[in-house]
């Protein structure tokens, strides 16, 4: 299983995956295939609906939601097809170039998602706390600029994370104890001094997590304060339930992400794979449900198109 040449270069890696038993792998294949299909249906359906409905297309919230759905569909596709193939095939190899591309793409869409979630939290703050100034606070040009900046930051940070991860030789082993090429499991295989590279990754993860997470938290605290002052019990209950569902999914994404990336590579254990399943597979499935299918305007637009 060791593909290490005399000059200490590795041509490919071996992903151990989630299970060794063939029966368990077959069961996981069925479950994860359903998750992937529903993830694509939900996110591509949301993108199509926003594109074809003029009202949704011209509303900032749904403009952001369109890009979140695109990000989630791509984010899931970076990992799922390769994982599904590994369940029904004995070949668990991934080329060195394929591993680099998978890590870069995964980090890129993950970073973009963080910034889009922060933007959407600010959007909800503007809509709930300053409804009369909502259009002024988020004109189309500002919306485009915010989304473009998210993609640009994703491109830059993904380059930094990937460069740090593959910045040293892998001469210990080529076996990755994970189901995709992730930073921590790859760092464990590095035989050079990885202290500085881990510190750089830790610093940027902290910067991204604290900045975007802080915007989300502050926005929803202001929203909660406004909701509690509402006179109508029904309006208060509806707004509170919506905010609670948004925060639940966001907390799941950030909590499992922090667990993975704010610890040194030597501290990673068996819980890593479980945490990774939540932020790579479950969150992209839940986002279209929480952010769109519970929304009255989306339901009305869907029924109109169905008719």
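Keep in mind that glycine also has a Cβ here, set from the backbone N, Cα and C atoms.
Caution: TrEMBL annotation is automatic and unverified by curators.
TrEMBL has this to say about the protein:
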- 42-291: domain 'G-protein coupled receptors family 1 profile' (DOMAIN)
- 26-50: transmembrane segment (TRANSMEM)
- 62-88: transmembrane segment (TRANSMEM)
- 94-122: transmembrane segment (TRANSMEM)
- 142-160: transmembrane segment (TRANSMEM)
- 200-223: transmembrane segment (TRANSMEM)
- 244-262: transmembrane segment (TRANSMEM)
- 274-293: transmembrane segment (TRANSMEM)
Response to the item:
Of the listed stretches 94-122, 200-223, 274-293, the one with the highest count of C-beta pairs below 8 angstroms to the transmembrane segment (26-50) is 274-293
Worksheet item: By Cβ distance under 8 Å, which residues at least 6 away from the ends of the transmembrane segment (62-88) in the same chain are close to it?
Response: 15, 17-18, 25-26, 28-29, 32-33, 35-36, 39-40, 42-44, 46-47, 50-51, 56, 94, 102, 105-106, 109-110, 112-113, 116-117, 119-120, 123, 140, 143, 146-147, 150, 179-180, 280-281, 283-285, 287-288, 291-292, 297-298
Discussion item. I'm a bit unsure how to read this: which one of 94-122, 142-160, 200-223 has the highest number of Cβ pairs shorter than 8 Å with the transmembrane segment (274-293)?
Written reply: 94-122
Fill in: Mean of pLDDT values spanning the domain 'G-protein coupled receptors family 1 profile' (42-291)
87
Practice prompt. Could you pull out which residues elsewhere in the chain have a CB under 8 Å from any CB of the transmembrane segment (94-122), counting only those six or more residues past its ends?
Written response: 10-15, 61, 64-65, 67-68, 71-72, 74-75, 78-79, 82, 146-147, 149-151, 153-155, 157-159, 161-162, 165-166, 176, 180-183, 186, 208-209, 211-213, 215-216, 219-220, 246, 250, 253-254, 257, 279-280, 291
